[in-house]
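Colleague: My structure is below; once you've seen it, I'll send some questions.
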Amino acid sequence: MARSGRERRDQEEEAAVVSVERVFEGRVVPGWKEQVTLRALAVSALLGAMFSVIVMKLNLTTGIIPSLNVSAGLLGFFLLTSWTKLLDKAGVASVRPFTRQENTVVQTCVVACSGIAFSGGFGSYIFAMSDRISDQSGEARDEHNIKNPSLGWMIGFLFIVSFLGLFSVVPLRKIMIIDYKLIYPSGTATAHLINSFHTPQGAKLAKMQVKMLGKFFVMSFSWGFFQWFYTGGDGCGFMSFPTLGLEAYRNKFFFDFSATYVGVGMICPYLVNISVLLGGVMSWGIMWPLIEHKKGDWYPADLKPSSLRGIVGYRVFISISLILGDGLYNFLKVMTRTTTALVMQVRAMMSEPTLPVSGGGGQTPEETFDDKRRTELFLKDQIPNWLALSAYVVIAVVSIATVPRIFHQLRWYHVAVSYVVAPVLAFCNAYGCGLTDWSLATTYGKLAIFTVGAWADASDGGIIAGLAACGVMIGIVSTASDLTQDFKTGYMTLASPRSMFVSQVIGTAMGCVIAPSVFWLFYKAFHDIGMPGSEYPSPNALVYRNMAILGVQGLGSLPKHCLDLCIGFFVAAIAVNLARDLAAPKVARFLPLPMAMAIPFYLGPYFGIDMCIGSLIRFVWDRLDGARAKAFAPPVASGLICGDGIWTLPQSVLALAGVKPPICMKFLSRTTNIKVDAFIAKLPSS
């Protein structure tokens, strides 16, 4: 028995090192035009719209968005295999076989489309320009610093700024992928996933995963529909259930029965979920109650509840200080690693007459075969550098002329300077993302808020100028790193760079129309969107607005002792990150993430409780059956997220049609209930 077990392990180890490309060696790789098919684009549009709704919902609730790459790849595989089988059974002749290259095109297009729902700033810089967020920030109302959302200008703005990043990194694709051999962990993981789908064993597992995803999609959608019946007023429904008591509920400690964030908790690392809950306990459990006892001393007692000169100011600005401290540390860390790695790469290339394709010794012949095969096809379909550079210049000129027409507060020279600096930042972000899998696009955007906001003037619309510059920078930098990730995925699945680029361009174009349309649906259907305590509070919009105010007006408007607390938390964020990097791995995995801790400082810990319940489910599942949990936890989580997210569409339609939920389920204390009963008893009977 021992021998047979050892032989089985040896066979498994031998199978593990078998070349991926030798498995697919007998299959013809289609040309790039045959990879970008009409059926692939149709499926991409469907999935892109679905994921845009999901990302938009997450964006407008907490801003925590997990990776949906697994779901996109899995659903793309399922829909296209089902499509080809149906046509085959219908007797349609010459049905083109579904290949992993086509699967990669779908994956790229879907992620590019849904990515605009995040980088488009609908939960951050664009919505931060509105009067609704301006009124919450406590600033004096100034029409120069307000621009309300409108479908026309949002679509136009996104089309102008979202393509420059793609053209900025095209000339560097060979350097990034082949010469420097950057890992791009997410792109590599996606490629492994797609390659596995197209093996017999992987296809069988994928069918089971899709079945599991579909089951939990239906459950989550049905649960959202059921909950809707009980939300017939403010503070009604399961999302206002005081599961831990009324006092805890007043301090945002409750489970709101959100299938979305239970699913998010199952996907996110344990440390992220624990950090969110810890931040909620520290802020809403300790700090805010203590500061509220200082009402009348630290801040006036007669302020509106939403005033930034009161308790809300502490919540917002301390949260911002944590975010900025964490962002600054990671920015310097990634830039240091990027610079060091670049210097080492250049020295190595100068000292060697040729750069070995295999990447050095110690690799097996099978790995060398994979590298040679992939490099050969990656270099086959070139994208002319002159075309990319010319397109960048043309789009930049058009953008410099048109963006100031959309945002008259932003001058043409602000945009021009952004486009001169952007390619360097796009390269740094793409390179750093390849090393660490960490995109700093939002950090570069925040830098633009402060620099352009300070450059402009408050009386001249500096707040809008800073926010618009943030959008320009994020639009360029985020799409650049996304494209290089896709080049890595295409490299490992033998998809042509041209098909990757074309699908990214098409997906981005889809996103520039779909994402604003989805946001507009939310904006028109839910009239309290962006308001504290609503279903869609959009916390990042207020954070970005106040960053712009700080950039323009300075620190004079902060409440008493708020600046001292902000400095303390800013330094603490840097110190915790430094401790995480210096500590041993066994210790570092218990140190919290400041960025995750910052999110509940303003919103409250309720969604952190949801996420920790998701973590607990995943932890127990891992303990009981680790192999099954690894295979099926992501589809289950994706089903929970997608079902609840897609329910938002019919919910929006019902709201637009004026159909209101028939029941209000609300919870009262015993003493309040006695008063309500007494009041009702005095009413005349009908």
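Including glycine, each Cβ sits where the backbone N, Cα and C put it.
The transmembrane segment annotation in Swiss-Prot covers 36-56, 60-80, 109-129, 212-232, 271-291, 316-336, 383-403, 415-435, 461-481, 501-521, 597-617, 639-659 (among others).
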Colleague: Are the transmembrane segment (36-56) and the transmembrane segment (383-403) close enough to be called in contact, which here means at least 3 C-beta pairs under 8 A that are separated by 6 or more residues?
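Modeller: These two stretches do not touch.
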Colleague: So are the transmembrane segment (501-521) and the transmembrane segment (271-291) touching or not, going by 3+ C-beta pairs under 8 A with a sequence gap of 6 or more?
Modeller: no
Colleague: Same chain, outside the transmembrane segment (271-291) by at least 6, Cβ under 8 Å from its Cβ: which residues?
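Modeller: For the transmembrane segment (271-291), the far contacts come to 64, 251-253, 265, 298, 311, 314-315, 318, 589, 592-594, 596-601, 604-609, 611-612, 614-615.
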Colleague: Can you name the far-off residues of the same chain, 6+ from the ends of the transmembrane segment (597-617), with a Cβ under 8 Å from a Cβ of it?
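Modeller: Sequence-remote neighbours of the transmembrane segment (597-617) are 61-64, 251-256, 258, 260-268, 270, 272-285, 315-316, 318-320, 322-323, 326, 537, 539, 542-543, 573, 637.
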Colleague: Among 109-129, 383-403, 639-659, which stretch has the highest count of C-beta pairs below 8 Å with the transmembrane segment (461-481)?
Modeller: 109-129
Colleague: Among the recorded stretches 109-129, 212-232, 383-403, which has the greatest number of Cβ pairs closer than 8 Å to the transmembrane segment (639-659)?
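Modeller: Going through each listed stretch, the top one turns out to be 212-232.
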